[in-house]
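Read the structure below first, then the notes.
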Amino acid sequence: MADPKSSFLNVYSILKSELLQDPAFEFSTDSRQWVERMLDYNVPGGKLNRGLSVIDSYKLLKDGQELNDEEIFLASALGWCIEWLQAYFLVLDDIMDNSHTRRGHPCWFRVPKVGMIAPNDGVVLRNHIPRILKKHFRGKPYYVDLLDLFNEVEFQTASGQMIDLITTLEGEKDLSKYTLSLHRRIVQYKTAYYSFYLPVACALLMVGENLDNHTDVKNILVEMGTYFQVQDDYLDCFGAPETIGKIGTDIEDFKCSWLVVKALELSNEEQKKVLYENYGKPDPANVAKVKTLYNELNLEGAYADYESKSYEKLVTCIEGHPSKAVQGVLKSFWAKIYKRQK
């Protein structure tokens with residue numbers, strides 16, 4: 001039995017070669033080479049957690065029955081659609097954030113000769129998703145639901161990104177806007193729907209379920225996505241760069257991070273003044289003052305408290321779900337993220 005990741009990568013190669021021969025467009029050698037290089041650079045490079053989660057969830061929903069080759073292929077194809085969606089978001093996000101590196105390599109728009117061709121590449125990535133769905137799912141009873149699901153989640157993610165961008169607008173930096181409810185809204189829409197709900201929703205559609213009957217599952221997964229982002233915010237400041245694989249810049253970037261929101265909540269007037277004067281400034285001295293304040297306020301303790309409360313709440317919700325198979329899916333997600341260090 002090949003390991004799941006290499007079987008999954010084989011499906012990527014099949015989907016890529018189908019897209020490079022799409023009959024709707026007459027490729028020249030140059031354009032075919034461009035798209036192939038763009039795909040290889042942006043789609044398969046990450047941890048592939050979202051994509052692999054579709055297969056894991058589908059297996060659990062099938063109560064551990066052996067999947068046949070077609071079922072594995074289709075679940076993998078949907079997993080890749082999520083990875084394509086992620087690639088599309090990241091290519092465009094990196095331009096908006098003026099980022100330099102992604103997954104240890106230069107961002108796509110920083111690659112020589114790419115530059116501002118990257119926004120169009122993002123649009124191409126987005127348009128590959130319905131091409132894959134049409135080719136492999138058009139005859140399925142849940143085809144329209146799949147299209148609808150991807151469209152809805154993309155809309156939610158783009159809207160979350162918009163709230164994030166307009167909150168950190170240059171010249172309009174206002175810490176008083178930063179509240180737990182704003183943080184929650186950004187996270188829920190920008191991250192939780194596509195990273196946590198979408199893989200499970202794909203698997204539910206494949207086993208013939210109606211998503212309208214699973215709003216409880218959606219709510220639990222969005223809650224998990226929120227917890228995941230709070231962890232991310234915490235690790236950005238308190239995680240070891242060699243473990244998390246990046247140097248955190250949330251303080252410099254004036255991000256609506258859980259840490260700054262919590263700090264505002266716990267600060268007295270004097271401490272608030274330190275935040276207002278130093279948060280969002282690139283100078284290391286300003287950043288150091290914010291970090292010192294975070295330690296004074298014992299944000300590590302506040303995070304540990306948040307973590308244990310989230311654990312109790314989520315485990316209670318999961319164990320209250322009537323379906324053991326669905327519980328299995330939710331528990332497998334939870335096991336991947338609880339107490340992670342990176």
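Using the three backbone atoms N, Cα and C, a Cβ is placed for every residue, glycine included.
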**isopentenyl diphosphate binding, same site as Lys47, Arg50, Arg103 - Swiss-Prot member from Gln21, Gln65, Gln86** = Gln86
**Message:** If I take the alpha carbons of Asp93 (Mg(2+) 1 binding site) and Lys190 (dimethylallyl diphosphate binding site), what is the distance between them in whole Å?
**Reply:** 11
**Prompt:** Which of these binding-site residues has the least crowded Cβ, counting other Cβ atoms within 10 Å: Lys47, Arg50, Arg103, Lys190, Lys255?
**Reply:** Lys47
**Prompt:** Are there residues of the same chain, six or more positions away from Asp97 (Mg(2+) 1 binding site), whose CB falls under 8 angstroms from its CB, and which are they?
**Reply:** Asp253
**Message:** If you compare CA-to-CA distances from Thr191 (dimethylallyl diphosphate binding site) to each of the binding-site residues Lys47, Gln86, Arg103, which comes out shortest?
**Reply:** Gln86
